[in-house]
Amino acid sequence: MSPSASLLRSAQRSLRTTHQLPTHDFLTPALFSPSTPRRLISSTSACRASEVSDIKPAQSTSPNASAAGATPSQAAHNGSSSSSKGRRKPLTQAQRDFLSSALRVNQAGELAATLIYTAQTPPIVSRQPHLRPLMRHMYEQEVGHFDTFNALLARHRVRPTAMYPVWSALSYGLGWSTAVMGHEAAMACTEAVETEIGDHYNSQIRTLLEMVRGWEAEGYEVGDEFRDLLSTLRRIRDEELEHLDHAVEHDAKKAEPHWLLTGFIRMGCRGAIWVSEKV
C-alpha cells in the first residue's frame with residue numbers, strides 16, 4: 001500500500017472515532033452528534049439541587065402513569081422530550097464567547113490580587129506584625145484562585161488577556177502605594193477590590209444559572225464540567241467576600257479619605273474588567 005493511501009485510511013479512521021466519541025469539554029464546539037449517550041449528571045439529583053439552590057426541579061411522574069393517561073399528541077411530545085434526556089445541548093457562539101471572556105478576566109483578576117498582596121505584605125507586617133497571619137491567609141487563597149483559572153485557561157484553550165504585563169505593573173504599584181499609606185489604606189484597597197470582584201462573580205453566576213434554566217426547560221441535562229465551573233465560581237466568590245469582611249474588621253473604614261480612595265480603586269477595577277473581557 002502506498003504512503004498516501006495509508007494516510008488516507010488513517011484519516012478516515014480518525015474521523016469515524018471522532019464521530020463516535022462524545023465531546024466532554026464545555027468550550028469545544030459539537031461538530032458531530034455522538035452516537036453514544038453522554039455521561040451527565042441529572043439536573044434533578046441531590047447534588048444538582050445543592051449547587052443551584054434557586055432552581056426548582058421539574059415535578060416527576062412515573063412512566064407508566066404518564067403513558068396510560070397521555071393523548072397521542074402528549075405521547076409524541078413526551079417522546080421528543082425524552083430523546084434529549086441524557087444529552088447536553090451544544091453551546092451557542094454567544095455562550096462560548098461569554099465563557100471564554102469570563103475565564104480570561106477571572107484569571108487576570110486573580111493575578112492582580114496576588115500581586116497586590118505581595119506588594120502590601122512587607123510594609124504592613126513591618127509596622128503591624130499581628131497582621132502577618134491574615135495577610136498570608138488572604139495571599140494563599142488568591143494564589144489558589146489564580147492556579148485554578150490558569151488550569152481552566154489551559155484546559156479549555158482560552159488565551160489570557162493581552163494586558164497581562166500592564167495589569168501586573170499596576171497591581172503591584174497599587175498594593176505598594178496603599179501599604180505605605182498605612183494598613184488602613186491597604187485594607188481599604190482590599191475592601192474596594194473585593195467589592196467589585198464579588199459583584200463581578202455574582203454577575204457571572206447569574207448568567208450561568210440562566211443558561212442552566214434554559215437547558216432544563218428544553219429537557220437537557222447539565223454536564224459535570226459546567227456544574228463544576230459553577231461550583232468553583234461560587235466557592236471563589238465566597239472567599240473573596242471573606243477578604244472583604246476581614247478588611248472592614250481591620251480598619252478599612254478608617255482610611256482617609258475613605259470615599260475617594262475606595263471610589264478611585266473601584267472605578268479602576270471596573271475599567272480593568274471591561275478591558276480584560278475584550279482584549
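A Cβ is built for glycine as well, from the same backbone N, Cα and C atoms used for every other residue.
What TrEMBL says about a protein is an automatic prediction, not a curated fact.
Under the heading Fe cation 1 binding site, TrEMBL lists E110, E142, H145, E240. Look at E142 (Fe cation 1 binding site): DSSP puts it in a helix. When other Cβ atoms within 10 Å of the Cβ of E142 (Fe cation 1 binding site) are tallied across all protein chains shown, the result is 24.
Feature annotation from TrEMBL assigns Fe cation 2 binding site to E142, E194, E240, H243. Neighbours of H243 (Fe cation 2 binding site), defined as other CB atoms within 10 A of its CB across all chains, total 23.
Taken from TrEMBL, the feature compositional bias 'Low complexity' applies to 1-15 (among others).
Residues or ranges marked as compositional bias 'Low complexity' by TrEMBL: 65-84 (among others).
Look at TrEMBL and you will find 1-22 (among others) tagged as region 'Disordered'.
According to TrEMBL, the feature region 'Disordered' maps to 42-93 (among others).
A helical conformation is recorded for E110 (Fe cation 1 binding site) in the three-state DSSP classification. For the Fe cation 2 site, the Cβ centre of E142, E194, E240, H243 serves as reference, and the other residues of the chain with Cβ at most 8 Å from it are A113, M138, Q141, T190, V193, I197, G198, E239, L241, E242, L244. Counting in whole angstrom, E142 (Fe cation 1 binding site) lies 10 from H243 (Fe cation 2 binding site) by their C-alpha atoms. Counting every protein chain shown, 25 other Cβ atoms lie within 10 Å of the Cβ of E194 (Fe cation 2 binding site).
Each residue in G109, A113, T114, Q141, G144, F146, I197, I236, E239 lies on the same chain as E110, E142, H145, E240 and has a C-beta within 8 Å of the C-beta centroid of that Fe cation 1 site, without being one of the site residues. Taking only the Cα positions, the spacing between H145 (Fe cation 1 binding site) and E194 (Fe cation 2 binding site) is 13 angstrom.
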